[in-house]
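Q: According to Swiss-Prot, the protein has these features:
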| type | residues | note |
| --- | --- | --- |
| DISULFID | Cys57-Cys85 | disulfide bond |
| DISULFID | Cys69-Cys103 | disulfide bond |
| DISULFID | Cys89-Cys115 | disulfide bond |
| DISULFID | Cys120-Cys161 | disulfide bond |
| DISULFID | Cys147-Cys174 | disulfide bond |
| DISULFID | Cys262-Cys304 | disulfide bond |
| DISULFID | Cys290-Cys317 | disulfide bond |
| DOMAIN | 57-117 | domain 'Sushi 1' |
| DOMAIN | 118-176 | domain 'Sushi 2' |
| DOMAIN | 177-259 | domain 'HYR' |
| DOMAIN | 260-319 | domain 'Sushi 3' |
| CARBOHYD | Ser34 | O-linked glycosylation site |
| SIGNAL | 1-28 | signal peptide |
Amino acid sequence: MGSPGLRPTLLLPQVLLLLLALLHVPPSQGFPGSGDSPLEDDGVWSSHSLYKDTPWCSPIKVKYGDVYCRAPPGGYYKTALGTRCDIRCRKGYELHGSSQLVCQSNRRWSDKVICKQKRCPTLTMPANGGFKCVDGAYFNSRCEYYCSPGYTLKGERTVTCMDNKAWSGRPASCVDMEPPRIKCPSVKERIAEPNKLTVRVSWETPEGRDTADGILTDVILRGLPPGSNFPEGDHKIEYTVYDRAENKGTCKFRVKVRVRRCGKLNAPENGYMKCSSDGDNYGATCEFSCIGGYELQGSPARVCQSNLAWSGTEPSCAAMNVNVGVRTAAALLDQFYEKRRLLIVSTPTARNLLYRLQLGMLQQAQCGLDLRHITVVELVGVFPTLIGRIRAKIMPPALALQLRLLLRIPLYSFSMVLVDKHGMDKERYVSLVTPMALFNLIDTFPLRKEEMILQAEMGQSCNT
């Protein structure tokens, strides 16, 4: 046993250490914390191995993270000097700072850490649209795209910020897929005016409207434009408009034009019919005439009336009945006025060679004579044995003589006189004339040209 005076001196350090351990008073200046600032490394194991079984640093708490600590060998507390702690952030959060902390001799952890919520890149605002997010661009935030009126969303409507700091799906866009709107007028029905086959129809040009940006690039019309004269029938009008996205809108309507009509008329047998306008529409007029050798009976003209009935009576063409019992040559000629042309053949005797040859040529050209409305009148002999003949009818000698005197036809020689439908002396012949030469002359007459047109329409010719 030693000196009693030395025992207090030997026990004093042990007592102080025990007291410090019980009161948690650090041996050096400093303050506890969870890593407010890094100080020194953990190379104090040997010099501070004395404190490895003593709580030293403050417990680590990481919001939105988990802490996994390992005490030094032989240690008991996970906040003892030299303890190493691994920091892991929860899903959707990322670590800022060191992933491993060490409890240092200054009672501080080697670094300060924090788990921050992960953030995705800011979404691009779609043109002509936008988006709304639940929690901005942070993890698990859901954003929903929307488009302005007239635009359609293309792509995924909803995206979510994922753990890899990327958005689910591709960014959406707003495209103009809605066609422009255009409204056409209603069906228009019109009735043609008298003697007309068309109706002037007008309407306001329809205006298109684009539901997106309101801009239209083209307006195309198919059909007659407004203000046109529409013929009889059913006409389809179509307007098409395009917007800048090349979407098209279409509207259609119809224009109906009706022509009021009477029943169709036919030309009388052995006659002609010439009608105005379309021949049977309200207001149309049809005129009738007969071929040479026939006389018109009934109405010379008929009109399609508002009650859709024809005026007058139905015409007909009757064979011309020449009256040779009239007293004067003028009265005889009046029967042919505007109806027939006359070719008067005069000879002092039936034995005249020119007369016989000429009559033979005319008989062979009877079709051409009929086509040109020519009646042959024969004056044969010298008064009082003079006779006149119109085909099968014989005129009295006195009437035949008057005709010679009226037209100044020589009494004692062969001659011919061509008289037109107006009683005019057109040509005289003192020798033979071929039917072709005669026909060529007559075909130059103005009235004959109109006849030729009608005959062509009716298909009348000497070739048929």
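Using N, Cα and C of the backbone, Cβ positions are placed for all residues, glycine too.
Values in this document were obtained by computation on a predicted structure and should not be read as measured data.
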Q: Just counting, how many other CB atoms are there within 10 A of the CB of Cys161 (disulfide bond)?
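A: 27, counting other Cβ atoms within 10 Å of Cys161 (disulfide bond).
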Q: Cys69 (disulfide bond): which of the disulfide-bonded residues Cys85, Cys147, Cys161, Cys304 have a C-alpha within 10 angstroms of it?
A: Cys85
Q: If you count the other Cβ atoms within 10 Å of each Cβ, which of the disulfide-bonded residues Cys89, Cys103, Cys120, Cys147, Cys304 comes out on top?
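A: That would be Cys103, with the most Cβ atoms nearby.
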Q: By CA distance, which of the disulfide-bonded residues (Cys120, Cys147, Cys304, Cys317) lies nearest to Cys85 (disulfide bond)?
A: Cys120
Q: What residues, ordered by sequence, lie under 8 A Cβ-to-Cβ from Cys115 (disulfide bond) and sit at least six positions away in the same chain?
A: Val62, Lys63, Tyr64, Gly65, Ile87, Cys89, Arg90, Tyr93, Glu94, Leu95, His96
Q: I'd like the number of other C-beta atoms within 10 A of the C-beta of Cys174 (disulfide bond), please.
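A: Taking all protein chains shown, Cys174 (disulfide bond) has 21 Cβ neighbours within 10 Å.
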Q: So which disulfide-bonded residues out of Cys57, Cys174, Cys290 end up within 10 angstroms of Cys103 (disulfide bond), measuring C-alpha to C-alpha?
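A: So the list reads Cys57.
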Q: Look at each of the disulfide-bonded residues, Cys57, Cys262, and point out the one with the fewest other Cβ atoms around it within 10 Å.
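A: Relative to the other disulfide-bonded residues in Cys57, Cys262, Cys262 has the fewest Cβ atoms within 10 Å.
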Q: For Cys317 (disulfide bond), what residues in its own chain, 6 or more apart in sequence, show a Cβ-Cβ distance under 8 Å?
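A: Looking at Cβ-Cβ distances below 8 Å from Cys317 (disulfide bond), excluding near sequence neighbours, one finds Pro268, Glu269, Asn270, Gly271, Cys290, Ile291, Tyr294, Glu295, Leu296, Gln297.
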Q: Return the single residue from the disulfide-bonded residues list (Cys69, Cys85, Cys290) that has the minimum number of other CB atoms within 10 Å.
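A: Output over disulfide-bonded residues Cys69, Cys85, Cys290: least Cβ neighbours within 10 Å is Cys69.
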Q: Which of the disulfide-bonded residues Cys57, Cys120, Cys161, Cys174 has its Cα nearest to the Cα of Cys304 (disulfide bond)?
A: Cys174
